[in-house]
Amino acid sequence: MDERRTPSPCSSRPSSPRTPPCEMFGPVGIEAVLDQLRIKAMKTGFEFNIMVVGQSGLGKSTMVNTLFKSKVWQSPAPNLDVPMPQTLELHSVTHVIEEKGLKLKLTVTDTPGFGDQINNDKCWDPILSYINQQYEQYLQEELLITRQRHIPDTRVHCCVYFVPPTGHCLRPLDIEFLRRLCRTVNVVPVIARADSLTIEERDAFRSRIQQNLKNHCIDVYPQQCFDEDINDRLLNSKIREQIPFAVVGADREHIVNGRCVLGRKTKWGIIEVENMAHCEFLLLRDLLIRSHLQDLKDITHNVHYENYRVLRLNESHVLPRGPGWVNLAPASPGQLMAPGPEKVRKRSKDPRDDEC
């Protein structure tokens, strides 16, 4: 029986060939390319699309505002007269953030209603459908014969999953969600409201979560198979040891010892968001913005979107020609909610992979 093969995410990112260096007689100005890239980046800016998933009351909106130090997302005031939504609803908001002349077009997608129902069966389907709809929209734009010079990128580059601070282990809902979504999008789990746990409880909770992820073969970002060199391996190994980050969100400033800090004021003191002794928010911000933002976008395009594109092209046997463009057969709801490949092949065989 013929078995349909899914593309390998790792094989979608070809490694650079080992070409011997050429001896040069003098400088030719190659370093000026960096200036060209910088000037172009200053003109066009960047796009980054992030999704936050978690139950109500875990501080998702506050965390997004804290990450970008802007009022990106306004939390609606609690209203007891408004009934809880019976279905998961996705809401997106887009802002342009500018820092030192560089513009970032940020789109944040919230998922109110996730995990809030008595029966949460298949509550991940709307999220999975939304992610694949963005892939489908980008694919349809790519297939146009006369297409835009710059295709608008609405694909989700990162999904931050907020784990409730129960102090025990991952719930079945958490495991099922992570297992399905990790095949389709970059997922970064965090321990929400970590100030409700002691340092000992937090470390023990993290260890149990890491063991849960290993037992269920859930490969969250950054995946080991994407480490391209020794520097990536060293940096990402430290990150993998600390995931999920224990975070606290706050968008208000307080005066502590004569300095202004972001934090939450409590009866026993102020929890400083940017103090590693209080929480690991800095690690999350460094991962999402300062060190891995472009890598998140590259993996989205070269791995997750490429998997979706190849599967859609394989499933569409006929490509009917329209007036000036080529259109795939419409994606069915089942295709939009289908998870990605079960398992990815590694560049080099790792004996630890056999455990999964």
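Backbone N, Cα and C define each Cβ position, glycine as well.
Record features (Swiss-Prot):
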type	residues	note
REGION	1-23	region 'Disordered'
COMPBIAS	7-16	compositional bias 'Low complexity'
REGION	44-317	region 'Interaction with SEPTIN7'
DOMAIN	44-315	domain 'Septin-type G'
REGION	54-61	region 'G1 motif'
BINDING	54-61, T87, G113, 193-201, G249, R264	GTP binding site
REGION	110-113	region 'G3 motif'
REGION	192-195	region 'G4 motif'
REGION	330-356	region 'Disordered'
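The Cβ of T198 (GTP binding site) has 10 neighbouring Cβ atoms from other residues within 10 Å, across all protein chains displayed. In the three-state DSSP scheme, D195 (GTP binding site) is classed as helix.
Taking each Cβ in turn and tallying the other Cβ atoms within 10 Å, the top scorer among the binding-site residues G54, G57, G113 is G54.
Comparing Cβ neighbour counts within 10 Å across the binding-site residues D195, E201, the minimum falls on E201.
Taking Cβ-Cβ distances under 8 Å and a sequence separation of 6 or more, the neighbours of K60 (GTP binding site) in its chain are V52, V53, G54, D110, V160, F162, A192.
Across the residues of the region 'G4 motif' (192-195), the predicted structure has a mean pLDDT of 92.
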